[in-house]
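Beneath this line is the structure, given in structure tokens, with notes to follow.
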């Protein structure tokens, strides 16, 4: 049986996923993948390709052209795009951002257009038009117009407030300033006035206003240090470097003003890590890459000024019930007309319509009369409640971060109730769970652990003062350390290994240093390195300066300079770095630091402290600290000379240079002497473990999606208690084998009758046990069949030649898609069986893909939280996006629905505000439907007694004001203020949140219960007064059984019933709630007596026709008795059912409410105790200098060292001579 493959593309199935690397760029093209490896093109493929090119010519070229200092160039006709009919606009956008929707002229027409695009508003507009037709409507037009205007007005005001805020934000950003070359000089210009091709100057701590090509800077060789927190959330500095030619010639204002280079590059895109372009200048072309581009949103750091060329500037079924009721009543009217109406002379209205015609007209009449089942006030009430809940989030002082003056911010008003229904949270790590601040906490030197609370005599104390570093002139005063015994050891020199330990930290790194106002400032490729060098500095071994070949260290106040012979840089495969130095005494030493897993493999077999250090590493790992092992080696002169020749040869290798260097490094990094280990705390944000623990108890599953290394991500998982020592961790290879076995089983079961058999949901894991999944981006692509496809090396047929080939290709693609979909569903099912999932080394696109898979296959509400631009895709893909603000980065916040400064506020957002919002909205909707069914269906019962004539049972003004004044405020306040338990108890008992996840408070069952309650109430409201009015004689001997008195009796009973009913539904009583209930009843009677007075009838006789009805009817005692009886029959059964329910079947919140006084004191959360088991290794190496190589190449080349500028030719010649001298030695 032959296996069919797609003739155009194949999966690269032979390659094993690499856990250490981030997968290909999200936008990497097929051809870029082809270029990564040399292939031999078959002859037939070449012929086919040439034929296709001749048939449809296509040139791959850079289509974005930027001319420096020439704005007219970008206005040429061939750069224009047609926007609308003949209106053309340049494809080069200006730099002003625009997030607002309206201006002063367009607000009213555009806002009305937006509002009437909503089906509900258009529905009520059609009703208003129908009410203007006399033959149809029995209701006055104002009964719909007044509520509609109210809804449109409130919504317009809310939209106006939101848009004014957007205007202010846009204005603030657009009016930022920087210096731009104009008329040959630098002049201050606003960001919005910057255009493509402008040359700009930026200074230290300035934001980059657009994507620019770095031309020159104040640093040597035009280095520029940038902070990319706004893009990726990382606060460690990254360096960019200009072309050598622009660094040499574009330093002065006059040369920058005359710069006329032309840049051809790719069109604007969303790739942050790649850039392809060419600079044409002085009849020469220079290649450009991402290292020469400063992206918008970066911040210039530790660089006095820089110059750049701007490259990119930028920019429900109730209606069916209504129709069925109306149709049924219209048919009833047609039948009644045929049987009774046509033969009753006193009912003749002067129109000779047929019964069917009258029935048709009455259908529309009942559509108007019964439309209050879903009144327009429902929509404005929902908007007001959502707006109020959003403001409660904004005003919550317990979500206010005073340190950065950052309050919580609800940037939307439509998702509050969904906050109470979250099933999955997808979180970034760096800057979200962690502060991205590394702190030196402990160390192990020569088998001895330091870092506990000890005095100088080596005695442990629970309370001891912080170590005073004032004896060290270079100490920065920021290190909090409590082991005074370590200071004693350093100062006494009794153990030389202690001093050697901190010397190694001061010398073995690729950190850059500069001085500002006499203070040392370090720039490190990763925060880990910065923390270690700063620790050495505080303990007396300060890194002071470096040149291309030397490094200067202050050793307890004595400055010593060492010759740097070689730097063996870090990469993700080596997991270590080394430096070889020559001491002033002439000795050669190698110092190395790295992950314990690789260091232990290279130690000399005679290391006496090996076991003690391993025990220390286990202890550090149990405390979730990041560990590194330090070691050294003495090197003989002859040994180094022989090795150096191999090193220099590998350094100039034309192919596979990195592999050759790694092989040479292996030869020297062996037989190492172990000094000890460091323990760094990747400082979590305050309250992260507590928050994750409470969210887990609320049955919310947390997935961490990060670009960090697997070891780092795993370590953070233990630190924040996503993972515990009892957790069984499954890795990519384990998951792959499980999914492969599942696919085989599904394929074996997929016989002829497979489609008739019910799907079998088998669990992947046996029940019980705590499992977690840790998977890298490479394995994710492998498992989800998302690997980038490559062009097949076999014969390619661009177009199928026959119908059979086309059919086979289509079937093959369908099979591949079906396999891919089934594999992805299996992966989601497997991952959701785990208590925690950590995806590491993933790209922004993969983050969004994981979120989308869970949304697609689990139909669950998801939330994504992050702080950088690399989290924007994930935040936008999830149902709810949360941005961490208060950092430098704001792109995640701008794309989010909610924002706050600390991850710990997430528990309050969900467990308090989210749960309350869900409960309030559910109670509001249930009550709203109940009160409107009770109100509207009275018309239905009345129709059986009025010939189905669409005659209303109430006064027109009562219908108009019922949902606006008489019953609106109590339900509105319940939707805003009600709470079943307090915020403290909500946080203490996270299990209360599960009600929202299961949607137990508003579903079809709850809706039909509310509907049935409304139907029964309407029957009681109509038939008890009807029975009372049938045979009644008043005190004066007259029977007030007229239609108007009957309408007043029903309306009065209705208002009292629905307002008392909401009192029964209210869980949290305040003065405002009580006032609104009794106030609404008083308001009803006050307005009714006014509208039924003779005075207002004289002024408006055609509008107010119930003259004297209220005063005449309500002076009769039996009318009041009828009202009281009706209200009692409506409410007493509800009271009885509620009492039995809370007594026999109390809910969890009922139990907590009952004992709330005893539970008032909030329980303090405690960290889970870690159990250290000697002899059982639990080390989790978290070696994390940087994800790429460090600054070693930059240091070795000398490009980072300040020196006097020389002509370009002299620089090249000097570099060649230096290389030759090094080679000769």
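Using N, Cα and C of the backbone, Cβ positions are placed for all residues, glycine too.
Predicted automatically and left uncurated, TrEMBL annotations should be read as such.
Note that the coordinates shown come from a computational prediction; the quantities given were computed from them, not determined experimentally.
The active site, 4-aspartylphosphate intermediate feature in TrEMBL is assigned to 428. For residue 428 (active site, 4-aspartylphosphate intermediate), the count of additional Cβ atoms within 10 Å of its Cβ stands at 28 [all protein chains shown].
Under the heading Mg(2+) binding site, TrEMBL lists 428, 430, 867, 871.
Counted within 10 Å of its Cβ, the other Cβ atoms near residue 707 (ATP binding site) come to 25, all protein chains included. According to TrEMBL, the ATP binding site annotation covers 428, 429, 430, 529, 570, 593, 626, 706, 707, 708, 841, 847, 870, 871.
If you look up TrEMBL, you'll see 25-35 marked as compositional bias 'Acidic residues'.
Taken from TrEMBL, the feature compositional bias 'Basic and acidic residues' applies to 43-55.
The domain 'P-type ATPase N-terminal' annotation in TrEMBL covers 75-145.
Among the features that TrEMBL reports, region 'Disordered' is placed at 1-55.
What TrEMBL records for 142-161 (among others) is transmembrane segment.
Residues or ranges marked as transmembrane segment in TrEMBL: 309-336 (among others).
Among the features that TrEMBL reports, transmembrane segment is placed at 363-382 (among others).
According to TrEMBL, the feature transmembrane segment maps to 924-945 (among others).
Long-range contacts of the transmembrane segment (957-977) within its own chain (CB-CB distance under 8 A, at least 6 residues past either end) are made by residues 139-140, 142-143, 146-147, 150, 372, 375, 377-378, 381, 384-385, 388-389, 920-921, 923-924, 927-928, 931-932, 935, 1047, 1051, 1055, 1058-1059, 1062-1063, 1065-1066, 1068, 1070, 1072-1073, 1076-1077, 1079-1080, 1083-1084, 1087-1088, 1091, 1104. Sequence annotations record features per position, and here TrEMBL assigns transmembrane segment to 957-977 (among others).
If you look up TrEMBL, you'll see 1007-1031 (among others) marked as transmembrane segment.
Outside the transmembrane segment (1043-1062) by six or more residues, the chain places 927, 930-931, 934-935, 938, 953-955, 958, 962, 966-967, 970-971, 974, 1017, 1021-1022, 1024-1026, 1028-1029, 1077-1078, 1080-1081, 1084-1085, 1088, 1106, 1109-1110, 1112-1114, 1119, 1122-1123, 1126-1127, 1130-1131, 1134 with a CB less than 8 A from a CB of the stretch. Residues or ranges marked as transmembrane segment in TrEMBL: 1043-1062 (among others).
Counting only same-chain residues 6+ beyond the ends of the transmembrane segment (1074-1098), those with a CB under 8 A from a CB of the stretch are 955, 957-958, 961, 965-970, 973, 1048, 1051-1052, 1055-1056, 1059-1060, 1062-1063, 1104-1111. As annotated by TrEMBL, transmembrane segment applies to 1074-1098 (among others).
What TrEMBL lists as transmembrane segment is 1118-1141 (among others). Sequence-distant contacts of the transmembrane segment (1118-1141), counting only residues of its own chain at least 6 positions beyond either end whose CB sits under 8 Å from a CB of the stretch, comprise 1013, 1017, 1020-1021, 1024-1025, 1028, 1032, 1034, 1040, 1045, 1049, 1052-1053, 1056-1057, 1060-1061, 1064.
Considering only the binding-site residues 626, 841, 867, 871, the residues lying within 10 A of residue 428 (active site, 4-aspartylphosphate intermediate) on a C-alpha to C-alpha basis are 867, 871. In space, 707 is the closest of the binding-site residues 570, 707, 841, 870 to residue 430 (Mg(2+) binding site), judged by Cα positions. Beyond the ends of the transmembrane segment (924-945), by six or more residues, the same chain brings 325, 329, 332, 366, 369-370, 372-375, 378, 381-382, 385, 951-954, 962-963, 967, 971, 974-975, 1001-1002, 1006-1007, 1009-1011, 1013-1015, 1017-1019, 1021-1023, 1026, 1050, 1054, 1057-1058, 1061-1062, 1065 to within a C-beta distance below 8 angstroms of the stretch. Among the binding-site residues listed (570, 626, 707, 841), 707 has its Cα nearest to the Cα of residue 871 (Mg(2+) binding site). Averaged across the domain 'P-type ATPase N-terminal' (75-145), pLDDT for the predicted model comes to 69. Between the alpha carbons (Cα) of residue 570 (ATP binding site) and residue 867 (Mg(2+) binding site) lies a span of roughly 28 Å. In this structure, of the binding-site residues 870, 871, the smallest number of CB atoms within 10 A of the CB marks 870. If you count neighbouring Cβ atoms within 10 Å for each of the binding-site residues 430, 570, 626, 841, 867, the highest count belongs to 867.
Counting only the Cα atoms, the space from residue 867 (Mg(2+) binding site) to residue 707 (ATP binding site) is about 13 angstrom.
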